[in-house]
Amino acid sequence: NWPCSLHNIYLLSWTVHLVTAIQRKDIFPYGTPNGDFILQNGDDETSKVLALKRPLYFYEAQFNELYVATNGIISAQDLPMEKQYVDDGFPTDFPVIAPFLSDIDTSKGKGAIYYRVTESPTLLNRVAHEVHRGFPDARFTPTHAIIATWENVAAYEEIARDAGQSDRLNTFQAVVAYDENNSYAIFLYPEDGLQFFGTRPKESYNVEIELPARVGFSRGEVAFLIFSRVEGPYYSVTNNEQSLKNLYQVGNTGVPGVWLFHIGSRYSFQNVVPASTGGALATPPPRGLETYESTTAEYPEAEYTAPFEEEEELEEGDYSPITDPDFHSPAIPEFHVNSHPDLIPYLLSKGRFPSQRDKSMQDPERQTRSLCPHWLSKSLIRYSTETKRTCAVFQQQCSQNAYCTDYPAGFCCHCRTGFYGNGWQCLPDGAPHRVNGKVSGTVIVGSTPVYLNSVDLHAYIVVSDGRAYTAISEVPENVGWALMPVAPIGEIFGWLFAMELPSGQAGFKITGAEFTRHAEVTFYPGNQKLTIVQTAQGLNSDNYMTVDTRLHGNVPFIAAGSTVQVEPYKDTYQYYPSVVTSASVREFTVVSAERGSETFTFQLRQNITYRDCHHGPRTGPETLQLTTERVFVMYVRDENILRYAITNKISSVGEETSEPVLVNPCYAGTHDCDTTAQCLPGEGQQYLCQCATGYRGDGRNCYDVDECVEGLSQCGPHTQCVNLPGTHSCHCQCCTFGQMFYTIACCALDIDECRSQPCHPQATCTNTLGSFQCQCQPTFQGDGFQCFPSDGETQCEQHRDSLKGGFSPRGPRPVPGGFVPQCDEQGQYRALQCHGSTGHCWCVDSRGQERAGTRTPPSAPPTNCEKTDHRERPKTDCEHHRDSVQTTSPEGYPIVGAFVPQCDEHGQYRDLQCHGSTGHCWCVDNRGQERAGTRKAPGAGQPNCNEPGENSFITCLKQHLSNSVQTTSPEGYPIVGAFVPQCDEHGQYRDLQCHGSTGHCWCVDNRGQERAGTRKAPGAGQPNCNEPEVLPPTQRPDTVCERWRASLVDHYGGKPEPQHYLPQCDREGQFNPVQCYGDSSYCWCVDRDGREVAGTRSHDVVKPACIPTVAPPTMHPLPRPDMTPPPSGTFLLYAQGQQIGALPLKGTHMDLERSSTLLALHGSIVVGIDYDCREGKVYWTDLAGRTINRAKMEPGAEPETLINTGLTSPEGLAVDVQRRAMFWVDSTPDKIERANLDGSGRKTIFDTDLVNPRAIIVDSSTGTLYWTDWNREAPKIESSSVDGHNRKVLVKDGIGLPNALTFDTVMRHVCWADAGTKRLECIASDGTGRRVIHSNLNYPFSMVFYSNHFYFTDWRRDGVIALNRDNSQFTDEYIPDQRSHLYGVTVICRPCPSGGLSWDLQ
């Protein structure tokens, strides 16, 4: 087929690079201005030792020093005399890096030799570019480089022969760069740099002979057995004069004159490996012309365009998928015809051509086509506008949210303003994104293979913050634990949608939604390897990405119940046409009960190949840095779900965002924009929230715009518009006329919708003219868009069971608050569906989709869904708003905190709107916009939305007189005291309003709402309503988390130090999922109320993997904060965040069955607790409210606040029954205070020499106080009298975190439980007789002593534990049904024990 042959030659000719050799100006900077040393002139000189800050790996060995020698070499040891090596070939006896080993002489000013060790980021970044270009799969981030430059040096010439100084001078350079694991060498030979290629031996005895220079590497002699040494490995680049001349004519990096080699590694290393990006090695190929074909399709040519070469013009859609996922280096370097155009005639005569397999698009049809296109028969070699791809013909390949631009060589697609992507796929700016897919493959855990058979993967990405949540379901337990460190599975989504700093660019803008990612994870020290292949197949019909993942290989075994922490990291991504590469080393820590804490590493190498458009101007980055600030991993055993959560930012390399300067909230992620909004940074701390493209709102609350209903779509007259989140799609309609089919204009260019995979993964897609069909595969049933296993269950039943948790190993477990559909006896959706929690009802069609206009509230009768003449009206704005709110996670669970507007039976906004999670309520107008001044916080009642919202005579007069204000009795008599507003002649509210009965006056706005701060009492005059109105802030009230945090920040003077504790709150003011004490490793997960999640606390080891829960708590009315005392007898009281619990005692055993809640205190964090047995009152400190309170132990008694000012972090509390006083510690201002039991007589006892006081107790019989100071640097236990005298240190040695403190009334000992040393110890009040009661506690917090037993709350167990003092044995344990941290604990005995002792604390 000679036309095709000619065509292939033509294609080859178009790929020829117009590349010249490297110029002198383009080698690495050198000379004294760059900090170089100059080697002493001479014939055989060696530099002073270059001491390396880090060891360098040369071959497999480490070296800490280098030497530069006159004769064109760098050595890792001091050199012998030149006659021992300069005239000999390889190998040498000592380690040698030889860019040009020959007898060089710099005497008499014949050139100079420069050298230095550098850590310049600019230079190291250039080295990294070169290495990644030559070794795309390398993970290499150099930390140091050695640069040696031989400039205009001459060959040695004997004096007897010198008839004049030779003008043949050589210039060349060697760069050796390394990091902690690998070393690379770059040899550079500029175009005119080599003018001699050998030297005469000094002892040639008048024989005319010239020895060629040697280029390469030699390990030198190595030890063998005990007393022997043998030749080590070596590598020669040249072997004759011609190969020396090729040094500046060819190259192995794609740039003539530039040679790159991998020369050492801390891991196994046999010999030097040359780069294989382009050029030819001087060694002849062993198999003739067969080596001219590419041996791998892993990487396309990756040109480093500056400063060496020009860009290559490629065909539209050039896309080189990686076909070798195992990352094996090719045995033969890849050969490129562009380096040898003279071979084209020879190849043609032999019928040999380089493979074109890398040039096919990722189009199933193109992959099967001949390399000879149909148009070549008409125009064999001529290139014309008729043959190039243009927008006029191929515009439909662009996204509907993109525009097409013609360039001289072809067309490119570009996303329109408001969208981002690569032009083929475009997404709305700022909108959250979801990813669906399957995970398959075989993973060997230890020696056990585990098969993953198409389990579901779902990811949810908050694009505005760079947060990516990934969940993989139905993961077998044995592999679930082992895959926890493999966060790179979800890392791809973090890179695609990373938060962009000013110089960054998220990956999706480069790859779009079609790419292939190959990653190899190598675990150390076990050398297990896991290959990850992820294929993105475009956007589905919901505009979400579909990514399939295949895993293959080995992973280390991780014991069940272990926790894994992956440290934050930074990764450098290298960008080339059609491929992105990166390599890095990560550290992770595994904590298990069996082995404790262990730290491991893994090496990640990855490349991402994608379809690139080469025709337009190239503006993309060359190198970017991905900063991963948080990595949370977790395997949920009960649900068999593997979760990853990461937070990413992308920027230029080296750009730091963590400096102690104020960072704009958009970049810091502290803004309060909606998840479907963009944060637009302004000056300083200012920013603007702007709803994402396709969404509408004020930026803090956004909802989807239905472009189809509002006429905003780009669809033509014969298309069907389908609304999608943030956008829409247009589907061509093919029409019928009689018995003949015809296709209207919009379908003239049929689009293969099946390429975007709109059908269910278990369905077959069939493209038809202007449309497509989806049909479920055998053994599955459904409509093709949703397919379910045909195991007897219908779509409705599958839907119902999946939401109930029917696939869980424990059987059905409905999600609290979740909607579960109702199916009839045939398994079909019932026409009427009702939400069991909210009470709303609506009608659905046969697919379970809600019929617009049929929803009714709980108080209204449901719609008659059986009416066949029911006309479905279009959805209203309120219904669109309500239905567009993303209320479910990728797993289908409700999202906590999402506000869903309430619509009436006509689809209009209800006047009163309430947030189900926060409890706030407010009034809205007919557009759903909040009416200023109407918002009320939880517990403040509901606003009266019948008050005016518009300016009109009716609003002012009729509504107030007739609707709002009752001015007459039923008998018609005036009601005394009723306020009647005053209206002007136009029916508007007068600015000044006065109450005729009370005499108060105030100013109002145009809606009749009182202006804050304007009310004046009778006799105080009238306010001036002409003054400008000072609008009150509309921000929400501070949450518990924010109040707590603000108080601590204030105490620290606005500058908390790393060791200080600050609650971490999110932008809604809620507790972050992970909480840590300062910069320590004392971290734990919390729920939305700040209560710790059981089993997540880490202790000086590893941060827990906290992922926000997606299941909201069941909403119940808040319990009344009144007393429900337990029966008479002895019992324990314990503080558990928002409640105080009671636990009766039978002797010394805890009566678990009779445990109850004493007080429910919503919004509180109860820490310290004690009891006044004389008056029967319980006292406590509230950390959230910053108050001290009490309540009488009687049914219905309500709490009484005693102190609510001047408190920041009130913790430990003790009641002195005899002196009728109470004592407490405040751990933020670091002081101890006292007051009478009614809150009077408050005074400070100690406010010096305290760092973090925690627990306090009082011995009423002696009037002695004891307290602990939780100072990490110098913890201690002190004592004093109750009036502050006789202060002394009781214990200061051998303690760590003395949390709990109590008094043994029998032994008269002070006892403490230490969360640091894990010991429970006691000591006499005079400091003698110290003894250890128990030495293996978990994490005690508070403790009380009663009847030879210690009862303490434990944060590891989240319970109360009993310990026998006499035998040191645990005797009992109580774990509340609701798991969260327990704080203070005390004991209640009635009547008072002798001496009136109170037991405690916290």
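Cβ atoms are placed via backbone N, Cα and C, with glycine included.
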**From Cys1065, Cys1076, partner that TrEMBL gives for the disulfide involving Cys1083** = Cys1076
**Item:** the repeat 'LDL-receptor class B' (1220-1262), counted residue by residue under DSSP: helix, strand, coil
**Value:** 0 helix, 23 strand, 20 coil
**Surrounding residues of the repeat 'LDL-receptor class B' (1263-1307) on its own chain - C-beta under 8 Å, 6+ positions past either end** = 1059, 1080, 1212, 1214, 1216, 1219, 1221, 1223, 1225, 1227, 1232, 1234, 1245-1246, 1250-1257, 1313-1317, 1322-1323, 1325, 1327, 1330, 1340-1345, 1348, 1350, 1352-1353, 1365, 1393, 1395, 1397, 1399-1402
**Item:** Separation of alpha carbons, Cys921 (disulfide bond) and Cys1001 (disulfide bond) (Å)
**Value:** 28
**Pairwise CA distance, Cys994 (disulfide bond) versus Cys914 (disulfide bond), rounded so that it is a whole Å** = 32
**Asked** Which one is it: of the disulfide-bonded residues Cys914, Cys921, Cys1076, Cys1083, whose Cα lies the shortest distance from the Cα of Cys841 (disulfide bond)?
**Response** Cys914
**Request:** Go ahead and report the DSSP secondary structure tallies for the repeat 'LDL-receptor class B' (1176-1219): helix first, then strand, then coil.
**Result:** 0 helix, 23 strand, 21 coil
**Request:** Compute the average pLDDT of the predicted model within the repeat 'LDL-receptor class B' (1176-1219).
**Result:** 90
**Item:** Cα-to-Cα gap, Cys1083 (disulfide bond) vs Cys914 (disulfide bond), nearest whole Å
**Value:** 34
**Asked** What are the helix, strand and coil residue counts for the repeat 'LDL-receptor class B' (1263-1307) according to DSSP?
**Response** 0 helix, 23 strand, 22 coil
**Message:** Tell me the Cα distance separating Cys914 (disulfide bond) from Cys1076 (disulfide bond), rounded to the nearest angstrom.
**Reply:** 33
**Asked** How many whole Å apart are the CA atoms of Cys834 (disulfide bond) and Cys921 (disulfide bond)?
**Response** 24
**Spatial neighbours, same chain, of Cys914 (disulfide bond) - Cβ under 8 Å, 6+ residues apart** = Gln902, His920, Cys921, Trp922, Gln942
